[in-house]
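So the structure is just underneath, and the comments pick up after that.
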Amino acid sequence: MLVELNNATKKLCVIGDPVLHSKSPLIQNTMLQALGLDYIYLCQPVKVGEAEHWLACAKLAGYAGFNATMPHKEDLFPLMDELDEDARLYGSVNTVVLREGRALGYNTDGVGFHQALLHAGADPKGRRVVLLGSGGAAKAVALKLAQQGAASVTICNRTLEKARALCARAPEVLSPAGFDIDTLRAQAARADLLVNCTSLGMTGGMGQFDDLSFLEALPRETPVCDLIYAPLETALLARARELGHPTLNGLNMLLYQAIFALEHFTGTSINAPAMAARLAPLLNTPPETVPLDRTNGAPRPLKWCMVTAAMVH
Ligand code: NAP
């Protein structure tokens with residue numbers, strides 16, 4: 001994509017390690033362009049343990065803010081001058097606004113998930129939720145579900161200790177369970193929302209569910225949500241759809257959390273459903289390519305996160 005710059009263009013970025021696969025620059029630059037805002041959003045690798053160093057660099061370099069992904073979200077938490085309610089709830093920060101030398105920390109993961117659910121007509125209020133996984137994403141999702149009035153959230157995780165530790169954060173709503181097929185089947189039988197927060201089924205990930213038969217125990221019409229957005233339909237979602245359940249992938253969560261982050265960065269109010277609808281096709285298509293590198297004649301693919309700058313005088 002072509003991004004116009006001038007000497008006063010404000011800088012934003014995403015930090016992480018690894019981060020070069022991130023779709024945030026594509027999403028954010030597309031939104032900035034659509035809204036006519038004079039910002040550029042870059043991709044900045046920052047090694048584990050270097051969040052504090054990066055924060056000082058970003059202030060010095062005059063960044064307007066940045067997003068953070070693995071492994072920096074929790075390291076940034078104690079470095080913030082102010083924190084929003086969700087960042088405090090999760091103990092982690094995914095959006096940092098830099099203003100007048102101060103760092104304001106937000107976390108838009110949970111609200112992104114919740115808005116995506118509402119958008120799909122699956123308000124979690126009063127529902128008995130079965131949540132698979134206990135990693136970073138599960139933490140934001142589970143605590144947001146508890147905050148938004150889910151009747152109960154059973155957290156099934158391979159490493160039971162991690163599920164127990166997460167449940168201790170809101171024991172009145174969250175309860176831990178194992179990840180064996182008998183437990184999954186028993187839990188599914190009394191669920192009225194099932195959310196996969198494990199990385200099972202992710203493109204390029206470490207594995208797939210060995211056995212999806214627990215889906216057969218779900219009551220009719222129980223929505224099944226997968227946080228994964230690549231592929232757009234995981235094996236879990238495909239099976240749930242075959243069984244007649246409404247399904248929701250992680251694409252809108254990804255888009256909504258990015259939209260809310262941009263609102264914080266720029267102070268601009270964005271029509272989130274309209275913007276998400278505009279962005280979604282971007283992530284359904286393979287990366288663009290450019291024909292030839294002028295310097296050596298070798299083909300050079302244009303990656304998702306690469307931005308071509310056109311200087312404007
Ligand atoms: P994470 O912190 O690494 O957690 C991974 C979770 O998956 C853990 O609960 C882990 O269980 C479980 N798991 C991994 N391999 C497993 C296996 N073979 N069998 C059973 N459980 C297994 O990852 P994360 O950051 O939470 O992300 C989880 C997924 O959510 C990823 O696919 C990510 O792409 C997606 N995500 C989507 C969005 C979005 O905006 N849509 C946002 C964040 C994350 P153990 O605890 O036992 O290791």
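The backbone N, Cα and C atoms fix where each Cβ goes, glycine too.
The shikimate site recorded in TrEMBL comprises Ser22, Lys23, Ser24, Asn94, Asp109, Tyr229, Gln257 together with one of Thr9, Thr69, Thr198, namely Thr69. The NADP(+) site recorded in TrEMBL includes Glu85, Gly133, Ser134, Gly135, Gly136, Ala137, Asn157, Arg158, Thr159, Leu160, Glu161, Lys162, Gly250, and the single candidate from Leu104, Leu184, Leu227, Leu232 that the record places there is Leu227. Checking the binding-site residues Ser24, Ser134, Asn157, Thr159, Leu227, Tyr229 against ligand 1 with a 6 Å cutoff on the Cβ atom leaves Ser134, Asn157, Thr159, Leu227, Tyr229, in sequence order. When other Cβ atoms within 10 Å of the Cβ of Gly136 (NADP(+) binding site) are tallied across all protein chains shown, the result is 18. When Cβ atoms from all protein chains are considered, those within 10 Å of Glu161 (NADP(+) binding site) total 10, not counting its own. Residue density at Ser24 (shikimate binding site): 24 other Cβ atoms are found within 10 A of its Cβ, drawing on all protein chains shown.
The helix, strand and coil residue counts that DSSP assigns across the domain 'Quinate/shikimate 5-dehydrogenase/glutamyl-tRNA reductase' (124-199) are 28 helix, 18 strand, 30 coil. In sequence order, Val14, Asn67, Leu254, Ala258 are the residues of the same chain, not among Ser22, Lys23, Ser24, Thr69, Asn94, Asp109, Tyr229, Gln257, whose CB sits within 8 A of the CB centroid for the shikimate site.
Taking the C-alpha atom of Asp109 (shikimate binding site) as reference, the shortest distance to any of the binding-site residues Ser134, Gly136, Asn157, Thr159, Glu161 belongs to Gly136.
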